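Report on the structure given below.
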Ligand SMILES: *[C@@H]1O[C@H](CO)[C@@H](O)[C@H](O)[C@H]1NC(C)=O
Ligand SMILES: *[C@@H]1O[C@H](CO)[C@@H](O)[C@H](O)[C@H]1NC(C)=O
């Protein structure tokens, strides 16, 4: 009897205190291999799997603790050289390894960002182009309650990227699109110094390039909410690269 009560109390405690951990499933819908990576914010312990290879049409699932704040992205054009050094054409960590181990990607890189159960069990998530673009991506809650809308940048921005923002492969093809802040490092493009408020850092033709093509994604530090993406009740999430 006592055991039964204790067991019930334990279950209730686990239920209330977030024993639920979100499962995030990452699918590569691109025609080429990608190397997804993840970074846990605030130097919390990193996830067991911080970087991995994902063949075309393959999926991998990761268990995310609750609460959790962090981001996902994917590297492209990776290879291992004769000395065992692993490098990628876009979104490299500079770690020379498939695992990122707490390092963030070198822009330009499309991002999916999460605040899982940050406030009262409510999740926030978005697609961000604040670090530029390297490949299309979407994020979709599975289950949950509330708006729980899918967000994405489903368009390949590389072919139409403005010339002065382009990152090119050795064969001349465009493989990434920088933000104007990264390309020019000027306060009016980075919203710093005299430009560090929404009034003094309005959208530019460069930030509008991203905004017009991917309106659901953040494209500037003072981007108006492209729709607040939120979901409650402990949903799982699906991230698709090249949706
Ligand atoms: C910021 O603006 C003030 C007033 O217009 C100007 O005097 C100052 O030089 C500016 N600072 C920079 C870094 O441009
Ligand atoms: C995968 O890409 C194809 C186009 O190549 C598209 O029709 C399909 O909807 C995509 N699947 C997902 C899960 O996004």
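Every residue gets a Cβ built from N, Cα and C, even glycine.
According to TrEMBL, the feature signal peptide maps to 1-21. Under the heading disulfide bond, TrEMBL lists 30-242, 78-88, 148-231, 153-214, 161-177, 181-190, 191-201.
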Can you tell which of 30, 78, 177, 242 has the most other C-beta atoms within 10 Å, given these are the disulfide-bonded residues?
-> 177
Translate the DSSP assignment of residue 88 (disulfide bond) into the three-state scheme.
-> coil
Rounded to an integer, what is the Cα-Cα distance in Å between residue 201 (disulfide bond) and residue 153 (disulfide bond)?
-> 23
Spacing of the two Cα atoms, residue 231 (disulfide bond) and residue 153 (disulfide bond), in whole angstrom, works out to 19
Output, ordered by sequence, the same-chain residues six or more apart from residue 214 (disulfide bond) with a CB under 8 Å from its CB, or 'none'.
-> 127, 129, 133, 152, 153, 154, 155, 157
Residue 30 (disulfide bond) to residue 190 (disulfide bond): how many Å between their Cα atoms?
-> 31
Comparing the Cα of residue 190 (disulfide bond) with the Cα atoms of the disulfide-bonded residues 78, 177, 242, the shortest distance belongs to 177
Between residue 242 (disulfide bond) and residue 181 (disulfide bond), what C-alpha distance do you get in Å?
-> 25
Under 8 Å by Cβ from residue 181 (disulfide bond), same chain, sequence gap 6 or more | 189, 190, 191
Among 153, 190, all listed as disulfide-bonded residues, which has the most CB atoms within 10 Å of its CB?
-> 153
Does DSSP put residue 177 (disulfide bond) in a helix, in a strand, or in coil?
-> strand
Taking DSSP three-state, what's residue 214 (disulfide bond) in: helix, strand or coil?
-> coil
Where does residue 231 (disulfide bond) sit by DSSP, helix, strand or coil?
-> strand
CB contacts under 8 angstroms to residue 161 (disulfide bond), restricted to the same chain and 6+ apart in sequence, sorted by sequence, are 133, 174, 176, 177, 209
